[in-house]
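Novice: One structure follows; several queries about it will come next.
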Amino acid sequence: MKIVKIYLASLLIILGLAGGLAMTIPTTITANATATWKRPSQKKAYPNLKKYKRAYVKVSVAKQRVYLMNGKKSLYTMVCSTGIKGAPTPKGTFHIQNRGKHFYNATVKEGAYYWTSFKGSGAYLFHSVPVNAKGKYIVSEAHKLGKRASHGCVRLSVADAHWIYSHVPYGMIVKIH
């Protein structure tokens, strides 16, 4: 669906009231053909982590971002949602653990795809935006990406979660601050 908003200052021209004045016609066009929560966070390609000897994952709770790092250099940035006030994302240094394609937690009535554990062998995860019991994305929750919204995990776009699930190796360092 494309949402197009056009603001025209040309009414004066149409009515013949411009009188030779130079006019600027402001235009704003917004297209929402594919939801941002489905796509990679950046237009550039994900990095090949095998090429970087000092690669690790850094999470900024303050900025709601996940950074793929090599030493002090940022290789790629992902938009995320970390834990809400009553269920914060733990801060500290952790390591990538186990992973899986899907989970569902009946207690909170949410699940996700492409989960990768970083603490507690499945207690704290990187994962996609939430899904319901039928595995359908919860769009209202997906639109919260970039704001605190989880129960302690790190939510990512579907593409970003899939990439971490597929490419970040077991044991890689995760630093959350």
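Glycine is treated like the rest: Cβ placed from N, Cα and C.
Pulled these features from TrEMBL for this protein:
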ACT_SITE  H127  active site, proton donor/acceptor
ACT_SITE  C153  active site, nucleophile
DOMAIN    55-177  domain 'L,D-TPase catalytic'
Novice: Please count the residues of the domain 'L,D-TPase catalytic' (55-177) that DSSP assigns to helix (H, G, I), strand (E, B) and coil.
Specialist: 14 helix, 58 strand, 51 coil
Novice: Measuring Cα to Cα, tell me the gap between the residue listed as 'active site, nucleophile' and H127 (active site, proton donor/acceptor) in whole angstrom.
Specialist: 8
Novice: Average pLDDT across the domain 'L,D-TPase catalytic' (55-177)?
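Specialist: Summing pLDDT over the domain 'L,D-TPase catalytic' (55-177) and dividing by its length gives 98.
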